[in-house]
Structure formats: C-alpha cells, structure tokens
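Student: According to TrEMBL:
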BINDING   ARG7, PHE8, ALA9, PRO10, THR11, GLU43, TYR192, ARG210  L-glutamate binding site
BINDING   CYS106, CYS108, TYR128, CYS132  Zn(2+) binding site
BINDING   LYS251  ATP binding site
DOMAIN    4-263  domain 'Glutamyl/glutaminyl-tRNA synthetase class Ib catalytic'
MOTIF     10-20  motif ''HIGH' region'
MOTIF     248-252  motif ''KMSKS' region'
Amino acid sequence: MSQVIGRFAPTPSGRMHLGNALSCLIAWLSARSQGGSVILRVEDLDPERSSWEYMRDIEAELHWLGLDWDAGGVDADDHAWCQSRRSEIYTEYFEQLREMGLVYPCFCSRAQLHAASAPHRSDGRFIYQGTCRNLSAEEIAEKSKTRLPAWRLQVPDREVSFCDLHYGDYTENLSEECGDFIIRRADGVYAYQLAAALDDGLMGVTEVVRGNDLLSSSPRQIWLHELFGFAPPRYGHIPLLTASDGRRLSKRDGDLDIETLSKRYRPEEVVGMLGHIAGLTEEYRTMTAKELIPLFDWKKIPMEDIRLPDGFPERLV
Ligand code: GLU
C-alpha cells in the first residue's frame, strides 16, 4: 500500500476545544497506526475570524496532547501551509474551472436564497435552485453595477459515492441534494470546499479524518478532486462529542478547551479519557497518544454522538 498521509486542518478561530482534540487524536491514530505521516494545515481562510496567535496556541495544545506532525504548521516554510497565503494557488484553479465553463457569478442576496431554496432533507442546508446559472452577459454587466457576485460551481446531475472509513457507503446526488455551491465569496475569499479539496489534493493527503458534521461535504470535495484530476483521499468521519446530557458543545463551553483542562489534568489523563469514550479502551486508564496507537480500530468507535462523562470537567470519569 502506498504511504498514508493524514492531516490536521484546524480553523484557528479560537482555542482548541475537546471536540477538536478528539478529531485530531483519531486522525493521528489512524495515520500513525498505518505507519503514515501527518501534516498540519492552517485553515485561516477567513481573515476576520482567524488569527495566527490562536494557531500557535493550537500547536502548543497538540504538542501537549502528544500529537505530532511531519510537515506544516503556522510558521513553517514561510507560512506556506496557511490558507490565507495560498489565494494565488486557489485563483489558478478557480480559473481552470471557469475555463471549463463550470463557474458563474451569483448575485442573490441571502434573503433571496432563503426564499427560493428548498431545505436539504436532513441537515438544514439550503439547495440552490440555479437562479443565476443562465444569466446573459448583459444581465451580469447590469447586476455587477450594484453588487459584487459570489461565484458558484455548477454541479452535475449525478451521484457521487464513496465508502467512509467509519460510516460505510455514502452517496449524494449533487444537483438534487446540494445544488451549485459557492467556491468564492463576494469579498474574494475562497470557500472552504474549494480550498480544502484543493489543498488535500496538492498536499498529497490520502486520508481525511474529521467530525461527521462534514460528512455531507465530502461528495462536493470528491467532485472537485475529480475536476482537478486528483485521486480523492479516503474519508473517515467520527461522531461528535456532546456534553453528558447530549447537548452539542459550543465555544461558550470555555471550561472544555484544552488550555483550561491542561491546568487541571495531565495530558495522559485527558488522552486516556478521550481514548476511553471513543471506545478504544474498555476501562478508563491514563494513556499517552502513542500508547493508543496499537489499540486503534475504527470498529471500536461508536457511530452515535459521544457523550462526555457525567460531572466532567470537575471529574474526569
Ligand atoms: N477547518 C475545519 C475545522 O476546523 C476542518 C475541515 C476539514 O477537516 O476538512 O472544523
């Protein structure tokens, strides 16, 4: 088998949360258990939400957890792994898609989009109905006078399927279940879908492991890989972490960020707890990330959301 390359791809818009730590731990264990390497990409596309200071904290927290990487990081290679520094590359590929005739400007306002869109079956996403798909050159020129357009990628009426490392077969008809999607925002910032797929391709990533809130992004990303002529990576999605009462964690749960937890617990306590609730150990015990490598097995990881133990974070288990 060829060399496995996994990745961490945090968005540095805040401190690292326990849920991010779980995703990074599983991504790292999956790659390392196959003798693979890991890269660290900085998803700081949105300049208003991201900061390199946060990224440096995240790197320190990954180190604290015992999760290392072989390439990448905010200050490595003159910041070449930061998406905020890669917009020329994205432009080059965006132009390729334009030349293929697959990209068009969209002038719809948020309100128009909501009014005209059918909600997606389960995840509340809106399906774009193609309102701006066939505008004439005159209409585009006219609309451009008052509004900067976002740019959408036309999707085919075709099913995109893949076999998720954890959830198994997953199929989506892009035109019925997603619609043409934005690859560049009106302010010129490239969209996550384009940047993530392109960077996974250009950085040689063979395995993408992340939270299952991104499961439904994978067909779009696979389709972008196909358009750019890359072999898509394998995808493995993991359940989300919730509070002990099942509530979704949010950034407001400040006591669950790694920095706060690191004042109370040792890394092998936190990693041992994560390994245990992720199903890798039957009983809670302190564990380093390295010690979990031989225990890693996708089959042990639950399919449903993973709840934090009662009384956490005052008590660990
Ligand atoms: N940057 C995303 C996040 O921090 C992850 C994207 C991905 O793994 O594809 O949630």
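Cβ atoms here come from the backbone N, Cα and C positions, even for glycine.
Describe the structural context of these features.
Tutor: Of all Cβ atoms in the shown protein chains, 26 besides its own fall within 10 Å of the Cβ of ALA9 (L-glutamate binding site).
Sequence-distant neighbours of CYS106 (Zn(2+) binding site): residues of the same chain at least 6 apart with a C-beta under 8 Å from its C-beta are TYR128, THR131, CYS132, PRO149, ALA150, TRP151, ARG152, ASP180, ILE182.
For the motif ''HIGH' region' (10-20), same-chain residues at least 6 beyond its ends with a Cβ under 8 Å from one of its own Cβ atoms are 40, 42-46, 49-52, 54-55, 57-58, 61-62, 74, 211, 240-241, 249, 251, 253-254, 256-259, 261, 270, 274, 308.
If you look at the motif ''KMSKS' region' (248-252), the same-chain residues 6 or more away from its ends with a CB under 8 A from one of its CBs are 14, 17-19, 240-242.
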Student: Non-local Cβ contacts of THR11 (L-glutamate binding site) (under 8 Å, 6 or more apart, same chain)?
Tutor: GLU43, ASP44, LEU45, ASP46, ARG49, SER50
Student: Across the domain 'Glutamyl/glutaminyl-tRNA synthetase class Ib catalytic' (4-263), what does the mean pLDDT come to, as a whole number?
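Tutor: Taking every residue of the domain 'Glutamyl/glutaminyl-tRNA synthetase class Ib catalytic' (4-263) together, the mean pLDDT is 93.
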Student: Taking a cut-off of under 6 Å between Cβ and any atom of ligand 1, tell me which of the binding-site residues CYS106, TYR192, ARG210 pass.
Tutor: ARG210
Student: In Å, rounded, how far does the Cα of PRO10 (L-glutamate binding site) sit from the Cα of CYS108 (Zn(2+) binding site)?
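Tutor: Just about 30 Å between their Cα atoms.
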